[in-house]
Ligand SMILES: Cc1cc2nc3c(=O)[nH]c(=O)nc-3n(C[C@H](O)[C@H](O)[C@H](O)COP(=O)(O)OP(=O)(O)OC[C@H]3O[C@@H](n4cnc5c(N)ncnc54)[C@H](O)[C@@H]3O)c2cc1C
């Protein structure tokens, strides 16, 4: 097998600011464990786990024969009688306020505010998302490649004249965001495929490190875009926080579970407030803002329609759920103003974001949180360091003792634990990764960095972390 270079093998956890956001990787990492646990709990609730989806709309862009021969591609729906009556939508007018105008393209509907086509409640079946994993299905070859190509081709907005503001800097932000959203979604789907992969030789399911290296880790920006999507989705949750209290999440939930469910919802909201730092006011703020936003919306709507071309039910279901989740986040951030989410000012806001949109948003956030979690898991699967590398280890507590001019003997903490990726420290409890990223690989180097390079704020941060 081809030897892969060290730097791109298992990848390194990104550090520092997340491009186009006001958040950094370390903040997302510090919250992701709790986010992952809380979402896991919440997504078991009927409110979040049941979604109505029409998997059989047909592909409007090219001939498809809907042939995924693998048994792993097919999925089972749930009987409608399992769904609480008030969640069973029978007409489009129950999907949105009646005063909003519906547009129709090829029998599919959307409203002006939508970044995706709506599921037709008369045609869709109900699915229990907890029973349908996103994982390897054997759906490969020209069909998915054609779909990914079509999705990336949507990242080409209407050309403007030479004096157009689109030539200016704001053009870059919208297209950058669009590309990050799509590429991040692709990377997250690939992460799930590699995490729950079928070994064709042994017939066993499990993580496939080589798959992850090839599809994600060897392109560091792909993991970065996964983080970007997580921040974007968290910002959407945070923005609609006042509105979140209006839903009844506890249909079909036992009394004992309600307290726990509330705690987990509060935890997600709290994390969203801390880590969902994306400034949506910077988007669509130039001279061409209105037409650019319409283009952006139309293109993302097309992406949601391209999902109907996926020839694998399981992949199509998760493709649809996640494009709906991202479209909901974009609607919340780019389309609706703050007053909409303020119940005191807007008593009709109960229809602004439907249960199905909220469920899609939370399930999508969960997928990205899982992908960030999986990145850590894959890094820990890398081979143990060569002996020479192992000798390079620094006892960070010893170092911190020196830095603080304390006697190392007074340090009662246990030595920090490093995880290595082929000889390079990729993770360490409390901040050592940052030192390694700065090229600080020995006690001497650290002492030198400390005395020569570190600014007051770096010293403070590092001391706190240590
Ligand atoms: C919406 C959707 C959902 C899917 N869900 C599943 C699923 O649940 N299970 C399953 O087994 N298969 C699924 N597939 C298929 C899967 O995504 C791959 O297409 C398939 O496994 C073939 O992979 P590949 O290695 O040939 O490259 P692909 O993932 O098909 O990528 C095609 C090309 O795109 C480029 N590329 C890859 N990743 C990125 C990225 N993050 N950013 C930018 N460019 C990139 C590369 O040049 C690559 O060669 C899905 C496909 C789609 C379109």
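Note that Cβ sites are derived from N, Cα and C of the backbone, with glycine treated the same way.
Taken from TrEMBL, the feature active site, nucleophile covers 312. The feature active site is assigned by TrEMBL to 315. What TrEMBL records for 135, 137, 148, 183, 186, 215 is FAD binding site. If you look up TrEMBL, you'll see 68-73, 108-116, 312-315 marked as disulfide bond.
Proximity to ligand 1 at the level of Cβ atoms, with a cut-off under 6 angstroms, picks out 137, 186, 315 from the recorded positions 73, 108, 116, 137, 186, 315. Within 10 Å of residue 315 (active site), counting C-alpha to C-alpha distances, fall the following of the recorded positions 73, 108, 135, 137, 215: 73, 135, 137. Straight-line distance linking the Cα atoms of residue 148 (FAD binding site) and the residue listed as 'active site, nucleophile', rounded to a whole number, equals 14 Å. Ranking the recorded positions 73, 108, 312 by Cα distance from residue 183 (FAD binding site) puts 312 first. Spanning the listed FAD site, residues 135, 137, 148, 183, 186, 215 have a farthest Cα to Cα distance of 20 Å. Put simply, residue 73 (disulfide bond) is 10 Å from residue 135 (FAD binding site) when counted between their Cα atoms. Taken residue by residue with DSSP, residue 137 (FAD binding site) is part of neither helix nor strand, so it is coil. DSSP assigns residue 215 (FAD binding site) to a helical segment in the three-state reduction. When Cβ atoms from all protein chains are considered, those within 10 Å of residue 116 (disulfide bond) total 26, not counting its own.
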